[in-house]
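Enquirer: One structure follows; several queries about it will come next.
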Amino acid sequence: MSTPRAAASLAKKAALVALAVLAAALATAARAEQCGAQAGGARCPNCLCCSRWGWCGTTSDFCGDGCQSQCSGCGPTPTPTPPSPSDGVGSIVPRDLFERLLLHRNDGACPARGFYTYEAFLAAAAAFPAFGGTGNTETRKREVAAFLGQTSHETTGGWPTAPDGPFSWGYCFKQEQNPPSDYCQPSPEWPCAPGRKYYGRGPIQLSFNFNYGPAGRAIGVDLLSNPDLVATDATVSFKTALWFWMTPQGNKPSSHDVITGRWAPSPADAAAGRAPGYGVITNIVNGGLECGHGPDDRVANRIGFYQRYCGAFGIGTGGNLDCYNQRPFNSGSSVGLAEQ
């Protein structure tokens with residue numbers, strides 16, 4: 001039989017346990033990333049900056065180096081309503097169109113045959129709902145065309161006299177052929193795992209440990225320890241490309257913001273000749289090697305894919321397609337892209 005004092009003690013302990021459980025739950029919720037690539041491309045409320053780590057705030061820690069979105073406030077463009085599941089990428093890219101766009105990806109001569117599936121593309125896109133879900137229908141289609149245009153160049157198996165033309169052979173490769181190195185650079189934040197190599201893999205030919213690390217963290221996979229997943233798991237492969245597409249890096253906007261009209265050039269951008277359009281995306285992806293020195297066959301190839309895909313969607317390409325006269329964002333390649 002318990003005494004009143006014992007009963008009071010038990011009640012106090014029960015209350016303390018309840019408070020501890022509540023505190024743990026609140027702490028877990030507080031740790032969940034709020035925005036950016038870590039949260040499926042979400043933007044912060046009330047025009048807050050999204051830090052490189054996926055948190056919302058207003059100080060330089062959030063709005064400074066690595067800021068992912070709304071780094072100078074929302075600007076004049078309103079944040080779009082997130083698409084409902086019924087308005088996902090599949091609603092503008094039905095299976096038959098996907099097959100026509102990537103016509104020869106499963107050709108017997110393509111090393112990636114059978115890898116890049118429609119199902120994997122949709123599954124990866126669902127993790128980034130703003131991709132192909134921002135703006136009106138034409139803008140949504142143009143973003144998919146631009147994404148497939150850039151990634152088709154990175155994975156092309158085409159040649160000038162190829163059947164159905166050179167721009168029907170995107171997604172022929174899934175990893176770099178004969179990589180010259182292990183693409184490991186010393187990094188305390190993204191250390192290379194023993195024996196692992198970070199050469200180009202996937203639609204964007206993701207390269208270097210400093211890209212595999214943050215890409216893996218954003219999609220919930222340890223790619224520093226398992227870089228081969230980008231060439232063996234098609235959904236992971238597409239997700240890494242979409243992570244790169246959706247994520248601003250350094251002084252570069254995201255490709256997503258450029259093609260959807262959410263990016264406005266700064267005075268420095270204008271002075272560098274960087275104007276809104278597909279050409280800036282090429283600059284983001286590989287400007288250090290391809291932009292700013294006049295006509296370049298690689299840039300023309302990227303444009304060729306994009307024009308074909310826009311034609312298949314029945315939309316215009318917009319202006320400023322090349323980066324021939326744009327100063328690069330960096331002095332070198334942003335991804336360490338592989339030339340097939």
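Glycine is no exception: its Cβ is also placed from the backbone N, Cα and C atoms.
Below are the features listed in Swiss-Prot for this protein:
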{"type": "ACT_SITE", "residues": "Glu154", "note": "active site, proton donor"}
{"type": "DISULFID", "residues": "Cys35-Cys50", "note": "disulfide bond"}
{"type": "DISULFID", "residues": "Cys44-Cys56", "note": "disulfide bond"}
{"type": "DISULFID", "residues": "Cys47-Cys74", "note": "disulfide bond"}
{"type": "DISULFID", "residues": "Cys49-Cys63", "note": "disulfide bond"}
{"type": "DISULFID", "residues": "Cys67-Cys71", "note": "disulfide bond"}
{"type": "DISULFID", "residues": "Cys110-Cys172", "note": "disulfide bond"}
{"type": "DISULFID", "residues": "Cys184-Cys192", "note": "disulfide bond"}
{"type": "DISULFID", "residues": "Cys291-Cys323", "note": "disulfide bond"}
{"type": "DOMAIN", "residues": "33-73", "note": "domain 'Chitin-binding type-1'"}
{"type": "SIGNAL", "residues": "1-32", "note": "signal peptide"}
Enquirer: Just counting, how many other CB atoms are there within 10 A of the CB of Cys67 (disulfide bond)?
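Expert: The Cβ of Cys67 (disulfide bond) has 20 Cβ neighbours within 10 Å.
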Enquirer: Do you see any of the disulfide-bonded residues Cys67, Cys110, Cys184, Cys192, Cys323 whose C-alpha is within 10 Å of Cys49 (disulfide bond), and which ones?
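Expert: Qualifying among Cys67, Cys110, Cys184, Cys192, Cys323: Cys67.
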Enquirer: Rounded to an integer, what is the Cα-Cα distance in Å between Cys192 (disulfide bond) and Glu154 (active site, proton donor)?
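Expert: Given the Cα positions, Cys192 (disulfide bond) is 24 Å from Glu154 (active site, proton donor).
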Enquirer: Taking only C-alpha atoms and a 10 A limit, tell me which of Cys44, Cys50, Cys56, Cys71, Cys184 are near Cys63 (disulfide bond). These are the disulfide-bonded residues.
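Expert: The disulfide-bonded residues close to Cys63 (disulfide bond) (Cα within 10 Å), listed in sequence order, are Cys50, Cys56, Cys71.
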Enquirer: Does Cys291 (disulfide bond) have same-chain partners at least 6 apart in sequence with Cβ under 8 Å from its own Cβ, and which are they?
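Expert: Correct list: Gly279, Thr282, Asn283, Val299, Cys323, Tyr324, Gln326, Arg327, Pro328.
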Enquirer: Can you figure out which of Cys71, Glu154, Cys184 (the recorded positions) comes closest in space to Cys110 (disulfide bond), comparing Cα atoms?
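Expert: Comparing Cα positions, the closest of these recorded positions turns out to be Glu154.
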Enquirer: Cβ distance under 8 Å to Cys35 (disulfide bond), same chain, sequence separation 6 or more: which residues?
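Expert: The list for Cys35 (disulfide bond) reads Ala42, Arg43, Cys44, Cys50, Gly54, Trp55, Cys56, Gln68, Ser69, given in order along the sequence.
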Enquirer: What count of other C-beta atoms do you get within 10 angstroms of the C-beta of Cys192 (disulfide bond), across all chains shown?
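Expert: Looking across every protein chain shown, the total is 22.
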Enquirer: Taking DSSP three-state, what's Cys63 (disulfide bond) in: helix, strand or coil?
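Expert: Going by the DSSP assignment, Cys63 (disulfide bond) falls within a helical segment, counted as helix.
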Enquirer: Which one is it: of the recorded positions Cys67, Cys71, Glu154, Cys172, whose Cα lies the shortest distance from the Cα of Cys184 (disulfide bond)?
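Expert: That would be Glu154, the closest of Cys67, Cys71, Glu154, Cys172 to Cys184 (disulfide bond).
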Enquirer: Taking only the recorded positions Cys67, Cys71, Glu154, which one has a CA atom nearest to the CA atom of Cys172 (disulfide bond)?
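Expert: With Cα distances computed to Cys172 (disulfide bond), the winner among Cys67, Cys71, Glu154 is Glu154.
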Enquirer: Count the residues of the domain 'Chitin-binding type-1' (33-73) that DSSP assigns to helix (H, G, I), to strand (E, B) and to coil, and report the three numbers in that order.
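Expert: Output for the domain 'Chitin-binding type-1' (33-73) reads 10 helix, 9 strand, 22 coil.
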